[in-house]
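Visitor: Pasting a structure below so you can have a look.
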Amino acid sequence: ADALCKECFYYAFEEEIHKTIVDAKLFTEGETVAIGASGGKDSTVLAYVLKVLNDRYNYGLNLVLLSVDEGITGYRDDSLETVKRNQVQYDLPLKIVSYEELYGWTMDAIVQQIGLKNNCTFCGVFRRQALDRGALMLNVDKIVTGKAKKEKTLQSVVGHNADDVAETVIMNVLRGDIGRLQRCTAITTGTEGALPRCKPFKYTYEKEIVMYAYFKKLDYFSTECIYSPNAYRGFARAYIKDLEKIRPSAIIDIIHSGECLSVSKSTKLPTQGVCERCGYISSNPICKACVLLEGLNRGLPR
């Protein structure tokens with residue numbers, strides 16, 4: 001990599017993301033794009049850079065911030081204050097949806113009932129669905145990723161960076177999850193439903209995002225979730241960091257390996273339908289969120 005001054009680094013960082021957006025044709029003029037905003041470095045930088053590029057290249061996008069309040073006292077309430085400041089700083093609309101509003105539970109209450117063993121499973125399932133539901137409340141057509149229409153649409157953009165994508169590949173390999181392994185490196189996912197999602201940071205290293213946020217003095221929240229010290233992703237992250245010490249290109253190599261994956265035609269993959277209870281997209285008659293909720297409401301033991 002070339003040595004760059006701060007100003008040149010900013011420009012190179014932004015242009016790489018612009019190239020990713022253009023090459024993948026992520027957006028169409030006139031779309032409304034929901035940015036999944038947590039207050040963390042990735043989503044804060046994503047919101048800032050998309051606003052910069054939207055103005056610089058006249059994408060013609062309507063950008064909105066979409067946040068999920070999981071109900072984690074001392075963590076999410078503080079990070080949402082950062083999102084609210086970002087809303088003012090970037091002059092973008094903000095929609096917040098909460099687990100309590102959608103499911104009748106907060107993560108604090110869930111952890112109190114089930115403990116810390118599988119809490120990340122509950123949170124991950126509920127959060128994915130909450131983002132979709134929040135987008136639908138905004139009368140959107142998709143969550144990002146783009147729809148080739150000139151009419152008013154909404155996509156949802158998520159701040160998954162290259163490190164996140166590589167970690168997901170490793171996690172799916174270790175779990176033997178062929179269905180997710182096949183699609184986890186796609187820059188756009190969820191195209192089988194009404195609300196696709198895209199990843200403009202797919203080829204952007206986490207360390208570059210941290211540097212950009214630091215030197216730009218962006219306002220972001222950097223505390224880790226209090227309920228995820230032993231999250232499965234953490235082990236994949238540590239493994240990849242060790243690989244990087246031996247092979248600096250390990251992250252991109254893993255992503256490219258995932259992109260080149262070819263699944264045998266004889267392999268039966270899950271087919272997408274809708275949940276019989278809530279109507280959310282699901283490969284089973286009852287979606288995972290409804291199954292988990294049923295267990296909670298029955299008084300799932302620790």
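Placement of Cβ uses the backbone N, Cα and C atoms for every residue, glycine included.
For G36, A37, S38, D42, V68, G159, D164, the entry in TrEMBL reads ATP binding site. Per TrEMBL, the feature domain 'tRNA(Ile)-lysidine/2-thiocytidine synthase N-terminal' maps to 33-227. What TrEMBL lists as domain 'Cytoplasmic tRNA 2-thiolation protein 1 C-terminal' is 274-302.
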Visitor: I'd like the per-state residue tally for the domain 'Cytoplasmic tRNA 2-thiolation protein 1 C-terminal' (274-302) from DSSP, helix first, then strand, then coil.
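Guide: Split by secondary structure, the domain 'Cytoplasmic tRNA 2-thiolation protein 1 C-terminal' (274-302) comes out as 11 helix, 3 strand, 15 coil.
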Visitor: Please determine which of the binding-site residues listed here (A37, V68) has the lowest count of neighbouring CB atoms within 10 Å.
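Guide: Sparsest of the binding-site residues A37, V68 by Cβ contacts within 10 Å: V68.
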Visitor: Enter the number of other CB atoms within 10 angstroms of the CB of S38 (ATP binding site).
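Guide: I count 22 other Cβ atoms within 10 Å of it.
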